[in-house]
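K.L.:
Mind having a look at this structure? Questions to follow.
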Amino acid sequence: MSSAIPLNVGIARSAGTATVDADTAKRVLLAEPRGYCAGVDRAVETVEKALEKHGAPIYVRKEIVHNRHVVETLRERGVVFVDDTAEVPEGAVVVFSAHGVSPAVHEAAAARNLHTIDATCPLVTKVHQEAKRFARDDYDILLIGHEGHEEVEGTAGEAPEHVQLVDGPDAVDRVRVRDENKVIWLSQTTLSVDETMETVQRLRERFPSLQDPPSDDICYATQNRQVAVKAMAPECDLVIVVGSRNSSNSVRLVEVALNAGAKAAHLVDYAREVDPAWLEGVRTIGITSGASVPEILVRGVLDMLAEHGYADVQPVTTANETLVFALPRELRTTRR
């Protein structure tokens with residue numbers, strides 16, 4: 001999955017090179033890891049392989065991943081994004097996004113004789129399985145997540161009679177359970193680790209017998225990207241997070257950067273959205289990207305910053321990621 005390695009907070013380009021005096025030179029600290037996680041890579045490749053196999057158009061329910069560039073690029077290749085399976089012609093191919101869907105969505109697709117390809121991230125599927133398991137055991141399930149997010153809707157849909165959404169620490173006082181000895185918390189996979197733990201702490205103060213999920217629900221990539229940002233933020237006058245505004249994990253990175261000591265932090269989809277006014281008086285800029293962001297967008301920001309004198313790019317490496325997920329069975333061939 002990923003492994004922690006010695007932290008290099010960007011003082012040198014690589015082992016053995018000279019150090020840089022941060023007081024006299026502009027520099028960029030580049031977070032590693034950043035960008036695509038295994039689930040996003042799998043989801044995007046699923047759509048690409050479906051196009052190769054079935055030809056355009058193919059349909060995708062919701063955005064395959066929460067990134068504007070990815071969605072626009074796939075749309076240009078013949079992918080049609082819809083909000084509901086009712087918009088898909090009967091018998092057509094439809095891909096379910098990385099965020100997962102409820103059983104009701106599967107049933108609606110079957111009723112329309114749709115050929116479904118499920119690109120749900122396996123780590124989201126794990127949370128679905130946990131929800132079903134604890135619902136069978138008649139637990140009250142407190143699902144920590146953001147109201148309206150597709151992942152939350154899909155997970156809650158696995159056991160709607162047992163799941164209660166808890167949208168952050170401030171929502172804890174509104175929670176009601178049937179039996180305080182049969183309560184478990186689960187979470188959306190893309191949340192802030194710190195805020196989630198604060199929510200859990202407050203839940204446990206109310207319900208001392210609250211059970212933890214069998215394993216972490218916040219995914220490895222979300223955690224790794226937040227750790228890298230925390231490592232570099234105290235040195236940064238500015239942190240730029242490349243990602244879309246509807247990307248939960250990207251938005252969380254901005255929050256994490258500010259909470260960890262960055263003087264300013266902004267979210268951008270493209271280099272052209274970087275306001276030159278942000279750079280005034282700034283010597284150290286941190287760069288990272290959300291888990292659904294292709295590296296070409298980060299490179300665009302780095303090129304733009306180089307034009308403004310930030311040519312010295314130094315890595316902040318906190319983990320190595322090696323996890324790869326298999327494609328859906330119907331699309332499996334040799335991976336590219």
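Glycine is no exception: its Cβ is also placed from the backbone N, Cα and C atoms.
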K.L.:
Out of His128, His149, which does Swiss-Prot tie to the same dimethylallyl diphosphate site as His66, His99, Ser247, Ser248, Asn249, Ser292?
P.N.:
His149
K.L.:
Near the Cβ of Glu151 (active site, proton donor), how many other Cβ atoms are there if near means within 10 Å?
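P.N.:
Step by step: centre on the Cβ of Glu151 (active site, proton donor), count other Cβ atoms within 10 Å, giving 26.
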K.L.:
Around the [4Fe-4S] cluster site (Cys37, Cys121, Cys219), what further same-chain residues have their C-beta within 8 angstroms of the site's C-beta centre?
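P.N.:
In sequence order, the nearby non-listed residues are Ala38, Gly39, Val40, Ala98, Leu123, Val124, Thr189, Thr190, Tyr220, Ala221, Thr222, Ala291.
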K.L.:
Using the Cβ center of His66, His99, His149, Thr189, Ser247, Ser248, Asn249, Ser292 as the (2E)-4-hydroxy-3-methylbut-2-enyl diphosphate site position, which other residues in that chain lie within 8 Å, going by their Cβ?
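P.N.:
Close Cβ neighbours, site residues excluded: Val65, Glu151, Thr190, Asn246, Ser250, Gly290, Ala291.
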K.L.:
Quick one: of the binding-site residues Cys121, Thr189, Cys219, which has its CA closest to the CA of His149 (dimethylallyl diphosphate binding site)?
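P.N.:
Looking at Cα distances from His149 (dimethylallyl diphosphate binding site), the smallest one goes to Thr189.
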K.L.:
Which three-state DSSP class does Glu151 (active site, proton donor) fall into?
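P.N.:
Its secondary structure by DSSP: helix.
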K.L.:
Going by C-alpha positions, which of the recorded positions (Glu151, Thr189, Ser292) is nearest Cys37 ([4Fe-4S] cluster binding site)?
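P.N.:
For Cys37 ([4Fe-4S] cluster binding site), the spatially nearest of the recorded positions is Ser292.
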K.L.:
Using only the Cα atoms of His66, His99, His149, Thr189, Ser247, Ser248, Asn249, Ser292, which the record gives as binding (2E)-4-hydroxy-3-methylbut-2-enyl diphosphate, return the largest interatomic distance in Å, rounded to a whole number.
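P.N.:
This binding site's residues have a maximal Cα-Cα distance of 15 Å.
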